Amino acid sequence: MAARHHTLSWSIASLHGDEQAVGAPLTTTELTALARTRLFGATGTVLMAIGALGAGARPVVQDPTFGVRLLNLPSRIQTVSLTMTTTGAVMMALAWLMLGRFTLGRRRMSRGKLDRTLLLWMLPLLIAPPMYSKDVYSYLAQSEIGRDGLDPYRVGPASGLGLGHVFTLSVPSLWRETPAPYGPLFLWIGRGISSLTGENIVAAVLCHRLVVLIGVTLIVWATPRLAQRCGVAEVSALWLGAANPLLIMHLVAGIHNEALMLGLMLTGVEFALRGLDMANTPRPSPETWRLGPATIRASRRPELGASPRAGASRAVKPRPEWGPLAMLLAGSILITLSSQVKLPSLLAMGFVTTVLAYRWGGNLRALLLAAAVMASLTLAIMAILGWASGLGFGWINTLGTANVVRSWMSPPTLLALGTGHVGILLGLGDHTTAVLSLTRAIGVLIITVMVCWLLLAVLRGRLHPIGGLGVALAVTVLLFPVVQPWYLLWAIIPLAAWATRPGFRVAAILATLIVGIFGPTANGDRFALFQIVDATAASAIIVILLIALTYTRLPWRPLAAEQVVTAAESASKTPATRRPTAAPDAYADST
């Protein structure tokens, strides 16, 4: 047993521990502090939205604020606008941090209060200009290329639309000649938006933000259900995952298609695991793979006094249970669709496949059979989608498009850049490109090995599939050739539904705050260094003053517990925690 505790699978599984599913209700003092915290965060997002009028990624043409006296003012005082945006983002992040006091403690806020808080914080950003990124303009250009009958996987905005096109003008120069790196589902949706809005940039941007809102809604729906499946408190998972500042800043304000990818993936995983739980799928055989679990149990265990022949005769006329199969099929379809937005979410299909193989016996034969079935289903869905959209499988050839970016957040890329600079200093020449290809290849190899090992751990019942998926995505993000701030959400959101140890949550919080606050500016490529420095210094002073002014009114410190405990609180001190319903014996190391 002591040796077992030193295994890697045990170390990963130890990140999870069942926690109290429902906390005691908040006291009057805590409810007041919660309301003030909610207002503090909402004020921050309002400041972000106002500052975005000058510091956001506004379009080059068709800017609706141009010439409007009040709305055009922020664009004339860009340093002030950047200060407002930065200050608002810090206020929202600090409010989120204080909100954690009401989601991780013994007394917790209700799910409804957390949902309303998230909605309140997002509302100002839904009508604000894009922030932190201009990717949405690439979405518009690539979708317009498809609407014009060209292949967005072969031509970029400049060659497909022309340099003077209204969409191309707003696309960053780095991406004007590159084909689309996104899946056919996303480009198909974008083509529909282009058909609906034409060349109206504002309407098209708002439609893409609506798509993001749909994705966020799916995330909010799926995350607490996955958390409940893993024995984790719903509000804890939602706070760390769906209410994460990175989601608000980059997916909502920045309009990134990761929202749709994650929403479809998480919803698909929940549906698939629910179907497998409902069926308790037995090992497949010609006699049993079309029977419902009740019929199979009856055929294997005839009633007392009944002859084996009688039990067999009852199994001849089974009543199939199509519900579990439909849920598994729906989940698999949603996961595959998510991969047709961005490919990394296809990892979820691997973990659903291993759970299915575990249900079928957990041996090599079961794994090969489950892999063949799920791979065939996945390829069929991709083929149908490629045929329906007219885009085929061209996306395979553009998967490496983003590798032209040299991201300092990617350890393989950072290592190569550092090595290249050392070589230059030593007079050995600039070998950065060669080293970059080597370090990135090693990173991809490590990702492949780790994902295969995690799949094997789930197959053997040593790791919960949600935990395996989250860790696999974390490894993928860590060693990916290109890492953007919002990529951290690939791992944080699924892990928030499974990992409960303080070490993980502290690491996730620190990563969120460091990347969210000290990462990008609202539109860094438009600002001079002195503007960024001035705005950062001014924001720091303003935030310090705000903390000083609200120190006694906001929960900057832990609130003193009230002496009187309500009857409702006493009754809810030891609620029954729902254990994972999917073969709990399979994940004994995760509890």
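Just so you know, glycine gets a Cβ as well, placed from its N, Cα and C.
Annotation source Swiss-Prot lists compositional bias 'Low complexity' at 574-584. Under the heading region 'Disordered', Swiss-Prot lists 569-591. Positions annotated as transmembrane segment by Swiss-Prot, on the basis of sequence analysis: 40-60, 80-100, 117-137, 201-221, 235-255, 259-279, 321-341, 367-387, 408-428, 473-493, 502-522, 527-547 (among others).
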Tertiary contacts of the transmembrane segment (40-60) (same chain, 6+ residues out, Cβ under 8 Å): 71-78, 80-96, 98-99, 117, 120-125, 127-134, 136-137, 169-170, 201-202, 205, 248-249, 253, 521-523, 526-527, 550, 554
Region pair the transmembrane segment (502-522) / the transmembrane segment (80-100), three or more CB pairs under 8 Å: yes
Recorded stretch, among 201-221, 235-255, 408-428, maximising Cβ pairs under 8 Å relative to the transmembrane segment (80-100): 235-255
